[in-house]
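Trainee: As listed in Swiss-Prot for this protein:
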type: SIGNAL; residues: 1-16; note: signal peptide
type: DOMAIN; residues: 17-130; note: domain 'Thioredoxin 1'
type: DISULFID; residues: 52-55; note: disulfide bond
type: ACT_SITE; residues: 52; note: active site, nucleophile
type: SITE; residues: 53; note: site 'Contributes to redox potential value'
type: SITE; residues: 54; note: site 'Contributes to redox potential value'
type: ACT_SITE; residues: 55; note: active site, nucleophile
type: SITE; residues: 116; note: site 'Lowers pKa of C-terminal Cys of first active site'
type: DISULFID; residues: 393-396; note: disulfide bond
type: ACT_SITE; residues: 393; note: active site, nucleophile
type: SITE; residues: 394; note: site 'Contributes to redox potential value'
type: SITE; residues: 395; note: site 'Contributes to redox potential value'
type: ACT_SITE; residues: 396; note: active site, nucleophile
type: SITE; residues: 456; note: site 'Lowers pKa of C-terminal Cys of second active site'
type: MOTIF; residues: 490-493; note: motif 'Prevents secretion from ER'
């Protein structure tokens, strides 16, 4: 009998998975995952890879968030799972990149889309697990909310069921990484220095306090918050990226500069002085060129180390259109004039191009750059198939031998040109590349541009060319433009 009881407890003990913590972050495995997820009402899970640079950058901030929540006595837990070891779990939740964060509420997952610093993580979690705006009873509650994050927004209303209060709460519900507070108490009104109903944004930098003084609408308040939540000049980091690129302001003035440079402080001040004039219209961001991860951004703008420091402006509204200033000296006056000219629409987009190689047409696959693209691809007497690639792209490297063979196959056909262009160093005004490799067909006697969406094989490309761009074709640029216009003009009856 005793042996049976002992065996029962042994089996019971074996069935309970071991749950460990590292810096207050629960270490998840395939064995304990379901138990932990189902045993907590709220748990944020990071799916990571040990070799992932972004995961390494996130780790200390993630641990800080877990520790702070634990010290506050919160029921919200943070966990992490090594997706390279427990692949079946990450596959189940369709993890396609690292780090991927998901909040599990009573076992049901939702995507995390907040910032990567501990304040943003905590603010997002509290917003998702509690009221969209915290009720504030007195001045102490205001101070506590202000201390909880670098940026907070507080609204005072006589009646929290009023139209203005509802608008405030609707905006609060849509901004996950900023804590909001709301109150009807006179003590709160006095603490946030209001004479009547109103909204105030507090931040631990720049001017500290900004009062909303516009007509209250959802769009207006949201834009105002996004414009004022950032510093006059922000540094681009993995932590600030989601706020910078996810905000309402789509025009960004970028200063590429080394923080180790002796002229950094002066340049930052010149940049900051210019930023004051364009608050709410253009974001001013500096990119530290000493950071290895920022090399890809420099490459995107075609910048080399010997060109630094440098200013570039980008519009995210029009397929990430870039603008290059015509000045060399970085001063407040020059930056301001350039930015105003951009807003006035008098600055032409900057299109990158390498010089035309001497041997560009020596091999079966022709080499295109910005400077010879129109001449070759738009030749009305030729059917031209172009691969737009990036040197670092794995899929492009896999395609390379096939593309070379395709060039050889059609080398003697004077009506067909097989070409390629490095899109990290060359741009064409009306050809927008969103991913690599992208393959486009420029048919003879036509202004159409057709995307190739078929198999990336000799057979697939051959059939496409022999059917004059029909077999394996996606929508043409013209058809895509028409579809977009139809979508914009469509209204529900």
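A Cβ is built for glycine as well, from the same backbone N, Cα and C atoms used for every other residue.
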Trainee: Where does the mean pLDDT land for the domain 'Thioredoxin 1' (17-130)?
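Mentor: Result for the domain 'Thioredoxin 1' (17-130): average pLDDT 92.
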Trainee: Please name the residue among the recorded sites 53, 394 whose C-beta has the most neighbouring C-beta atoms within 10 angstroms.
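Mentor: Of 53, 394, the one with the most crowded Cβ is 53.
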Trainee: Whole-number Å only: compute the distance from the Cα of residue 54 (site 'Contributes to redox potential value') to the Cα of residue 396 (disulfide bond).
Mentor: 24
Trainee: Give me the Cα-Cα distance between residue 395 (site 'Contributes to redox potential value') and residue 456 (site 'Lowers pKa of C-terminal Cys of second active site'), rounded to a whole Å.
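Mentor: Distance (Cα to Cα, whole Å): 10 Å.
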Trainee: If one looks at the chain holding residue 393 (disulfide bond), which residues at least 6 apart in sequence have a CB under 8 angstroms from its CB?
Mentor: 436, 437
Trainee: Return the count of C-beta atoms lying within 10 angstroms of the C-beta of residue 54 (site 'Contributes to redox potential value'), excluding that atom itself.
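Mentor: For residue 54 (site 'Contributes to redox potential value'), the 10 Å Cβ neighbour count is 16.
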Trainee: Going by DSSP assignments with H, G and I as helix and E and B as strand, what are the residue counts for the domain 'Thioredoxin 1' (17-130)?
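Mentor: Helix, strand, coil within the domain 'Thioredoxin 1' (17-130): 44 helix, 30 strand, 40 coil.
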Trainee: What does DSSP call residue 456 (site 'Lowers pKa of C-terminal Cys of second active site') in the simple three-state scheme?
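Mentor: Where residue 456 (site 'Lowers pKa of C-terminal Cys of second active site') sits, the three-state DSSP reduction gives coil.
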Trainee: Write down the Cα-Cα distance for residue 52 (disulfide bond) and residue 116 (site 'Lowers pKa of C-terminal Cys of first active site'), rounded and given in Å.
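Mentor: For residue 116 (site 'Lowers pKa of C-terminal Cys of first active site') versus residue 52 (disulfide bond), the Cα atoms are 15 Å apart.
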Trainee: Going by C-alpha positions, which of the recorded positions (394, 396, 456) is nearest residue 52 (disulfide bond)?
Mentor: 394
Trainee: If you count other Cβ atoms within 10 Å of each one's Cβ, which of the recorded sites 116, 456 has the most?
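Mentor: Result for the most crowded candidate: 116.
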Trainee: At the Cα level, what's the spacing in Å between residue 396 (disulfide bond) and residue 456 (site 'Lowers pKa of C-terminal Cys of second active site'), rounded?
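Mentor: Approximately 11 Å lies between the Cα of residue 396 (disulfide bond) and that of residue 456 (site 'Lowers pKa of C-terminal Cys of second active site').
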Trainee: So of all those recorded positions, 53, 55, 456, which one's Cα sits nearest to residue 394 (site 'Contributes to redox potential value')?
Mentor: 456
Trainee: Whole-number Å only: compute the distance from the Cα of residue 55 (disulfide bond) to the Cα of residue 456 (site 'Lowers pKa of C-terminal Cys of second active site').
Mentor: 33
